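*Asks:* Swiss-Prot feature annotations, pasted as is:
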- 1-116: transit peptide (TRANSIT)
- 163-197: repeat 'PPR 1' (REPEAT)
- 198-232: repeat 'PPR 2' (REPEAT)
- 233-267: repeat 'PPR 3' (REPEAT)
- 268-302: repeat 'PPR 4' (REPEAT)
- 303-337: repeat 'PPR 5' (REPEAT)
- 338-372: repeat 'PPR 6' (REPEAT)
- 373-407: repeat 'PPR 7' (REPEAT)
- 408-442: repeat 'PPR 8' (REPEAT)
- 443-477: repeat 'PPR 9' (REPEAT)
- 478-512: repeat 'PPR 10' (REPEAT)
- 513-544: repeat 'PPR 11' (REPEAT)
Amino acid sequence: MASALRRLVEQQQWRYLVSQSTRSPKLIHGFFSFSSKTNPNPNKQQQILIDYISKSLQSNDTWETLSTKFSSIDLSDSLIETILLRFKNPETAKQALSFFHWSSHTRNLRHGIKSYALTIHILVKARLLIDARALIESSLLNSPPDSDLVDSLLDTYEISSSTPLVFDLLVQCYAKIRYLELGFDVFKRLCDCGFTLSVITLNTLIHYSSKSKIDDLVWRIYECAIDKRIYPNEITIRIMIQVLCKEGRLKEVVDLLDRICGKRCLPSVIVNTSLVFRVLEEMRIEESMSLLKRLLMKNMVVDTIGYSIVVYAKAKEGDLVSARKVFDEMLQRGFSANSFVYTVFVRVCCEKGDVKEAERLLSEMEESGVSPYDETFNCLIGGFARFGWEEKGLEYCEVMVTRGLMPSCSAFNEMVKSVSKIENVNRANEILTKSIDKGFVPDEHTYSHLIRGFIEGNDIDQALKLFYEMEYRKMSPGFEVFRSLIVGLCTCGKVEAGEKYLKIMKKRLIEPNADIYDALIKAFQKIGDKTNADRVYNEMISVR
């Protein structure tokens, strides 16, 4: 009898609320109006309405029944949020989802970002992950630009008694809809807020970044993960190895580690070493050392690599004294010297012009049983060439070729550029021939420097041979090659040949300069051909 009476009273109160809503909305304006804030202290009328809707949902009323009962009610944001929180427990999460969709579809209501956040929290806690992902994606794709789902999820995290998994799903959804930079920003922000995201989230973010060919972003994400103590698994490492392959850097890193360790390293060591060197190359020395320390603590790189990287970092900063101290400590602790570390010292000495010290280090290196490699010799060749030791540069280039190593194109070009004596030009040309037979690929600058050297040494025939060798190799001679040839031909009295190459030059749309015209004019004047000298002069004036 008492329960029947209580139901009758509630029905009468409900009829009163509905009639008031229909006749005079202003009387309950604070309840039914749209509001972005949840009312923390709903009045009695509001409470009755909330209770009534909640009971209907608990009874699993159909959408049609709900629409019939509440057709005249104006659902505010605060009302929706309060009702959703009534169903925040896992066992009632489906009612929360039903109410969210009913209010959206039947009432044609555009939910606020806070309603989305509350519903997502409730669904994740109940492990209704497919529905949660769908709502996250819908919110990210359809919400106004000024709405921030991250803020709303953080603001409603405690009140909804949620779980950190919600933030993993959020970042994963950002990745899947290709909002990759935004997803990374959210990833960093959540880590800064104290949430530890899962390695699955890390893998999802780097996987989609890699598929989108944003390799730089992949490395930034991986670096951030290590910094925030989110450590990779086998899948992470597999993705990162694929990225190294796509970048064409895998062999480079593997070779580097072979020189440091003398043996092949695990894929995880390859990836982590590559990360530290990448950060170092960006001159972020402090960050690289912090990363290295963390990797060493987790045994994600070996000590030999750690010491070698620290030596490299100190040398990169120009602090050779500290670099040498670290190297000595490395040896004292029983680690072997390696070709990479020695080459670091050789490079710095060559850059500073202390080529004799670089040569001494090479001797020390070989006496220690450590074999120099191509980069060691490239540094020496470039150093000797830059600082006027052309014979020494040629000597080390010959040593390289004899040992079956190949000079880099840049080092070879620097050496050829420095030679001045004709005998050294011939020597350089012989080295080029041997190197080409072994697979060396010269560029235009290689031929340009040699052609200039032969012309300055009055060997025009050899210069012309190199010109036609360029043509045979499908290399297009540039301005410097034509300038050297034409000026050289004119200087040795072959003005007709000089004019022939001027015509070829212009036919290839390469503009001659004043030096070329002056050489032709002087050559014609020298043989008394005033007519052609005037013609070339007039042409020079017209093109200016």
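Heads up, the Cβ atoms here are built off N, Cα and C, so glycines get one too.
Bear in mind that the values here come from a model prediction, so they are computed numbers and not experimental data.
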*Asks:* Is the repeat 'PPR 3' (233-267) close to the repeat 'PPR 6' (338-372), in the sense of at least 3 CB pairs under 8 angstroms with a sequence gap of 6 or more?
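*Replies:* Touching, yes - the repeat 'PPR 6' (338-372) and the repeat 'PPR 3' (233-267) meet the threshold of 3 or more Cβ pairs under 8 Å.
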*Asks:* So what's near the repeat 'PPR 3' (233-267) in sequence-distant terms, Cβ-Cβ under 8 Å and 6+ beyond its ends?
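*Replies:* Result: 199, 202-203, 206-207, 210, 213, 215, 218-219, 222, 273-274, 277, 302, 304-305, 308, 336, 338-341, 343, 373.
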*Asks:* Take every residue in the repeat 'PPR 6' (338-372), average their pLDDT values, and give the whole-number result.
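*Replies:* In the predicted model, the repeat 'PPR 6' (338-372) has a mean pLDDT of 94.
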*Asks:* Report, as numbers and ranges, which residues of the same chain sit near the repeat 'PPR 9' (443-477): CB under 8 Å and 6 or more residues beyond its ends.
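*Replies:* 409, 412-413, 416-417, 419-422, 425-426, 428-429, 432, 484-485, 487-489, 491-492, 494, 508.
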*Asks:* In terms of Cβ proximity under 8 Å, which residues at least six beyond the ends of the repeat 'PPR 8' (408-442) contact it?
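*Replies:* Residues packing against the repeat 'PPR 8' (408-442) from afar: 374-375, 377-379, 381-382, 384-386, 388, 390-391, 393-394, 397-398, 401, 449-450, 453-454, 456-459, 462, 466.
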